[in-house]
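Colleague: Copying in the features that TrEMBL gives for the protein in this structure:
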type	residues	note
COMPBIAS	134-154	compositional bias 'Pro residues'
DOMAIN	1-105	domain 'C2'
DOMAIN	303-424	domain 'C2'
DOMAIN	466-587	domain 'C2'
DOMAIN	625-759	domain 'C2'
REGION	128-163	region 'Disordered'
REGION	205-224	region 'Disordered'
TRANSMEM	777-794	transmembrane segment
TRANSMEM	859-877	transmembrane segment
TRANSMEM	889-916	transmembrane segment
TRANSMEM	1004-1033	transmembrane segment
Amino acid sequence: MKLVVEIVDAHDLMPRDGEGSASPFVEVDFENQRSRTTTVPKNLNPIWNQKLLFSFDQAKNHHHQTIEVCIYHERRPISSRTFLGRARIPCSTIVKKGEEVYQTFQLEKKRFFSSIKGEVGLKIYLSSETEPSSPAPSSSPPSSPPPPSSPPPSSKNRNLIHNPSIPLSISEVPVSNISNISEVPVSNILNSSPSITQVSLIEKSSSPVPEAESPCSSVEEPKEEIKEPVEVRVEENPHIYKYQVLQQPAISVEKGPQGISSTMYQANPDIHPSPQDDYNLKEMDPQLGERWPAGGVYGGRGWMSGERFATTYDLVEQMYYLYVRVVKAKDLPPGALTGSCDPYVEVKLGNYKGRTRHFEKKMNPEWNQVFAFSKDRIQSSSLEVFVKDKEMVGRDDYLGRVVFDMNEVPTRVPPDSPLAPQWYRLEDRRGEGKVRGNIMLAVWLGTQADEAFSEAWHSEAASVHGEGVSSIRSKVYVSPKLWYLRVNVIEAQDIQPNDRSRVPEVFVKAQVGSQVLRTKICPTPTTNPLWNEDLVFVTAEPFEEQLVLTVEDRVHPSKDDVLGRISMPLTVFEKRLDHRPVHSTWFHLEKFGFGTLEADRRKELKFSSRIHVRVCLEGGYHVLDESTMYISDQRPTARQLWKQPIGILEVGILGAQGLLPMKMKDSRGSTDAYCVARYGQKWVRTRTILDTFSPKWNEQYTWEVYDPCTVITLGVFDNCHLGGAEKLSGGGAVRDSRIGKVRIRLSTLESHRTYIHSYPLLVLQPTGVKKMGELQLAIRFTSLSLANMIYAYGHPLLPKMHYLHPLTVNQVDSLRYQAMNIVATRLGRAEPPLRKEVVEYMLDVDSHMWSMRRSKANFFRIMSLLSGVITMSRWFGNVCHWKNPITSVLVHILFLILIWYPELILPTIFLYMFLIGTWNYRFRPRHPPHMDTKLSWAEAVQPDELDEEFDTFPTSRSQDRVYMRYDRLRSVAGRIQTVVGDLATQGERFQSLLSWRDPRATSLFIMFCLCAALVLYMTPFRAVALVAGLFMLRHPRFRSKLPSIPNNFFKRLPPRTDSLL
């Protein structure tokens, strides 16, 4: 692998030769590998266009290394050089070949008192091919150097000239190269098997199973005999590297119907004993971390004694599994009648049986399948592996077996390499001798952290069939890489209308996928219209849509004629990282309707009109796909602009408690719950725990944090896609049901502290707020650098392009909706899909809809903020009226001290705030915030207001109810109108002081201002402040109950209310 540093140019360098110029060259240093360009003599804006190649070892961690690019002035004839500046580029911003873009870096100083200016333009990328070295530029200065203010040539044109081997298409970044989805050490990935492992068939034996007694339940479940084995066909599944566990056995308690509704079923009173739901956060003390029952020795033998403590996965409860990997067999004996063998393997542990698929007429089959058995459900001391020959009629033939003692099974802990499989000779049915045939097996004891867990099939999921097999597995998803596509429509030429007798009224319609935007109609009817309008779209990599530009003529308000169109792939447009303008291009338009003709006919009917546009992909923006109130990522699209991560967020999704039944299954309530977490570009989905109200996931995930002022969102859903015949009564598509959601803001977490809490899952329903259960989480935020953390708090929340060229509010709302649709569509195409209803709920797609409840909540939030100011004003009023004489005397003394020593005013204010903050430290929150029903105004909301909030848009309610709500809205708006009018009245009275609207009032005021200016000019400021302060703090005996003179004068000033209709 080669690191390519392409030195393009530099601008506005510091002159160093004493003649107002310099002879610069560039030297690049990467891991003690140094290389330099040629020298450009006498040029402060040199152009090199040279490539420097360096060896790049991908096995090393280059995350915190930098590439140092230094510019020097070559002094001749003596062999020396003078420093002109340097730029240091972090290796974390390096991209692969095909994604590189032109970037400019401001030159930095080497010493504090150095005089440095200018910038250098680079392109940096990794290439697996041998890059040809670019020809060195001529030693003579260029004839026409570009001025310092001129923009650099576009990266696309430069690649066409100097790099003809680079294609114009943009390659997609492989998922494996995205660092923020890595969940295991590198050794786990390197040691994993490259082949796709097939998953086994599981069946239960016909023998009765003694259920293990639950330590936390006294209810006995009747033992049930399974007469027929259950066979499930399993599909292939890729590897998933993360931490998982299987569900614990749940005790089913039959209960009578208690007001079952159409969509929700009332919870069992034994599961929810309290009629009043508890909406508070609860602390937990689970036994987290690893405890290895391995005889006290890592890698030792045995299940039953000893414990080993570790800290590898310390945010989840460890659960143990017996893994059996069936790899292949050889030298199997043929059948006596058929002369061939149709082998399959059956793994039996107690009453559990797992079976691989069979091969027809194959003596050396390969399965490479994994079985996982929960240790808590094992009731046998031996593991049996049978090899059988499948027969079409009658019982299958027995070929041999291998028996393992459970006390001799070794343990394995990642990131150790996978246990190597071994060949075992088959034994006869009684184990008294060897038979023909060998089988390759690997058996070990592991946890949910084992990479084989995700590829294994478990007996607890044997009831899931067909497509539901993949929908219950846990997955890690990555949001598509979103870009803003900016289309600047400048002008068009030689537009020919269909009706030659009229001048066209032309506008341009641009379409990308389902997004359609239009320019305004050119104000001057002409055949050469001018618009110069920006149209912004959202698109995602890989770019599947095309940009379609259509020039149309407004013939009638209800009719538009298409005059020409052009379609272009998005891969041909330049990617821009800053506000520098890109080059505009003229495109020829084709006559609409001629595109389907044969090639020779299309040449004859070539349309002569053309359009002038400037199109680029904006990499300097962050594409918002979620509400800005709950934003989880603020990085720009272009990876080259990413900063170093400032911390690590670790989340252990332990489980849930007290979930409500979400659907009916076998005439009883049931819930098949899974959890989804979203932070940044990474989405995670736990596996589905079947038919339990208290699922245990115990899965741990990790995210890189680039900004602490972000929010992680976790939602719990009921899986309705288990492969059965789930259909809605109306015949529509079934949707996964929402159970609840939790948001946690990272800035409210203390660094290096583990928070283990049970969060209430609160959902607002048409009947009011309801608790759907509790979600148990363990969260830890680790700060990597205090300096980077302080740096983040002092910089803008969004990338700088949002402030240099901001988008309008309407654009942000529209683009967010389009981005959400793209994310939902792309994630819905994954396998298993992350469904649209889940993505919409996690992204708060309906947060902008009108709600009387939210309006009340926001009003009282404002009042709570103003309550402090109101309290201070009341306290000051009490001081002025001597309600508490001691306090008034102390305030007088403090006032006199500040008048005598005015330099103490600001230190006193800041010291007072420091003391307040120090005092409030004792009352700081001890746990992360959670959903607050009082703050949300969800407890006192009226039923009709809730019905209005859940109404569709447009409304589906009756006409009388809509009239009633409209009248209520008019009443609320009337009160708001009165308050706004009062504020406008006070402001207009201030304006009328000097506007001569009232000549007498303005004359009095300006005369007062003249007298006040003379008095204040001749009187020391301390004396004026002392008199004014003592007058305000005077005793009530010296006060009048009538309003003051300034107040009377101000209220007599004329507002403009008399001019309103």
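All residue numbers here begin at 1 and follow the chain in the order shown.
Including glycine, each Cβ sits where the backbone N, Cα and C put it.
Automatic, uncurated: that is what TrEMBL annotation is.
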Colleague: Same chain, outside the transmembrane segment (777-794) by at least 6, Cβ under 8 Å from its Cβ: which residues?
Modeller: 286, 288, 315-316, 643-654, 705, 707-709, 714, 742, 744, 746, 749-759, 928
Colleague: Looking only at the recorded stretches 1-105, 303-424, 466-587, which one has the largest tally of CB-CB distances under 8 Å to the domain 'C2' (625-759)?
Modeller: 466-587
Colleague: Can you work out which residues elsewhere in the same chain, 6+ from the ends of the transmembrane segment (889-916), have a Cβ less than 8 Å from its Cβ atoms?
Modeller: 879, 1022, 1025-1026, 1029-1030, 1033
Colleague: Which sequence-distant residues neighbour the transmembrane segment (859-877)? Criterion: at least 6 residues beyond either end, Cβ under 8 Å.
Modeller: 935, 937
Colleague: Tally the residues of the domain 'C2' (466-587) by DSSP class, grouping H, G and I as helix, E and B as strand, and everything else as coil.
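Modeller: DSSP classes over the domain 'C2' (466-587) add up to 7 helix, 66 strand, 49 coil.
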Colleague: Restricting to the domain 'C2' (1-105), what is the model's mean pLDDT?
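Modeller: Mean model confidence (pLDDT) across the domain 'C2' (1-105) is 90.
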